[in-house]
Amino acid sequence: SLRLAGGRSRCEGRVELYDGSTWGTVCDDGWDIPDAHVVCRQLRCGHAVRVHGNATFGRGHGPILRDELGCGGHERHLWECPAAPEHDCSHKEDAGVVCSEHQEWRLSGGLDGCAGRVEVFFRGTWSTVCDSSWYGLESAVLCRSLGCGSPLRQLAFGHTLAGKMLYDCGSLQPSLASCRWTFNKSAPCHQSRAVGVVCNGTAS
């Protein structure tokens, strides 16, 4: 078994393996993109867009189960990759990854991080969000997930970034990633503007 812990979605975080009795971590010695690709694919999170060491997502617990991993990038499971028989690591060297299917959001261009144009990091790049199906519910999900309270009003901007994301929540979800979404589909975003939101909280 495999999971990512300490990140903002199930497709980002500290790499943790289960050895049949306990969860442990992977040392960042030799940790690179081919190793991380195997993790992302095994978790159905796409491919690796960033690798991290030095316990970027916090220090794990339990044994350090892998060190000096040497994946080719094509293996189906991380256990199949060659690794050092012993390790000389501590949890301050826990390895982490950001996979392409991870989504994170920011409000850009406002007075603080709780107001501005909605931008989403997805598949390795920042994109804008179409206002075609964006209503109070979507704003409420975003403001709450950013720790910015609840929405005050909606804004409209031009699309100037690489891609376009469309969200349709249906109910109050824990994050926009839990809503229905489509990426770079031209039809639903055809005459859209890039949505912006002003939340009633302030970025701490």
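The backbone N, Cα and C atoms fix where each Cβ goes, and this holds for glycine too.
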From C81, C89, partner that TrEMBL gives for the disulfide involving C71: C81
Euclidean distance between Cα atoms of C81 (disulfide bond) and C169 (disulfide bond), Å: 39
Cβ atoms near C179 (disulfide bond) (within 10 Å, other residues, all chains): 19
The domain 'SRCR' (105-200): DSSP-derived helix, strand, coil residue counts: 13 helix, 41 strand, 42 coil
Helix-strand-coil residue split for the domain 'SRCR' (2-100), DSSP-based: 16 helix, 30 strand, 53 coil
Disulfide-bonded residues listed as C71, C81, least Cβ neighbours within 10 Å: C81
Cα-Cα distance linking C179 (disulfide bond) and C81 (disulfide bond), given in Å to the nearest integer: 35
